[in-house]
Amino acid sequence: MRWEEKDIITEAKKSGFKAIPIFTKDFYSAIGVGENYSELEADVIIQRNTSHARALTTSLIFEGWNYNVVNDATSLFKCGNKLYTLSLLAKHNIKTPRTIVTFSKDKAVDLAKKIGFPAVIKPIEGSWGRMVAKAVDEDILYSFLEYQEYTTSQFRQIYLVQEFVKKPNRDIRIFVMGDEAPVGIYRVNERNWKTNTALGARALPLKIDDELRDLALKVRDIMGGFFLGIDIFEDPERGYLVNEVNGVPEYKNTVRVNNFNVSSYLLNKLREWIKK
């Protein structure tokens, strides 16, 4: 278990909840066979699987057994697929980085010229900045696309290329819990253009203004889900751009720099939700 899962269990005990960890290696679904996890007594299942595929699958199974799951499988699918995320946000007039998606390497390079270089290539699914690369010209972009083609990803021949947003050396992560956006951080990296904390970015406290809060809650309405981490870029000309949405967000550094108890806040919001 990560720090977050341990903290949820600790805070649950303090709040009077009975927290029961469920490990994927022990989990099973026995359809038409007999005893299974569907007999577990629980008001809510908090989805904290580190694997997107396992998170999506276990949420689907628990929902099939009529459990309340946070987050539900539909919102996890929307968040886990970057193309789906961007398409939904664009449909609802939420500003995002300019993006192209093609099934041809040559077409991807040709369209990338309209976005301009440097350009960013990223996988349709993935986290922690893995397989995300910056191409400074056409030749390098083609090489990255060619490399992707020979990976084992199911989306290896779907090419997603984005503009390189000229943001400060930071991005923003806003946490939404239920109908509130109570806390966020700046993720700052002076040595790498990627601002994932998993890649060395520093977390700094963020004061959420009304514009950011309204934007985060609009994204929540579009994506669904109960507990989201929303990643936002600051563009010098276009303002806030929503880059990605995380359906199983990590928050250890957010707690540390803000002195804000995310686990306790989440559990209290879940208590309110269960009582409705």
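Cβ atoms here come from the backbone N, Cα and C positions, even for glycine.
What Swiss-Prot says about this one:
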{"type": "BINDING", "residues": "LYS82, LYS122, 126-132, 162-173, ARG187, ASN196", "note": "ATP binding site"}
{"type": "DOMAIN", "residues": "86-271", "note": "domain 'ATP-grasp'"}
{"type": "BINDING", "residues": "ASP231, GLU244", "note": "Mg(2+) 1 binding site"}
{"type": "BINDING", "residues": "GLU244, ASN246", "note": "Mg(2+) 2 binding site"}
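Swiss-Prot feature annotations superimposed on the structure.
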residue : record                : Cβ neighbours (10 Å)
LYS82   : ATP binding site      : 21
SER127  : ATP binding site      : 17
ARG130  : ATP binding site      : 11
GLN162  : ATP binding site      : 21
VAL165  : ATP binding site      : 18
ASP171  : ATP binding site      : 23
ARG187  : ATP binding site      : 24
ASP231  : Mg(2+) 1 binding site : 18
GLU244  : Mg(2+) 1 binding site : 21
ASN246  : Mg(2+) 2 binding site : 19
Structural state of ARG130 (ATP binding site), classified by DSSP into three states: coil
Minimum Cα separation from PRO168 (ATP binding site), reported as the residue among binding-site residues ASP231, GLU244, ASN246 that achieves it: ASP231
For the domain 'ATP-grasp' (86-271), mean pLDDT (0 to 100): 95
Secondary-structure category, per DSSP, in which LYS82 (ATP binding site) falls: helix
C-alpha spacing of ASP231 (Mg(2+) 1 binding site) relative to VAL165 (ATP binding site), in angstrom: 13
C-alpha spacing of GLU244 (Mg(2+) 1 binding site) relative to GLN162 (ATP binding site), in angstrom: 12
Integer Å distance between the CA atoms belonging to SER127 (ATP binding site) and GLU244 (Mg(2+) 1 binding site): 10
Cβ packing number for PRO168 (ATP binding site), 10 Å threshold: 11
DSSP state at PRO168 (ATP binding site), helix/strand/coil: coil
Distance from SER127 (ATP binding site) back to ASP231 (Mg(2+) 1 binding site), taken between C-alpha atoms, in Å: 12
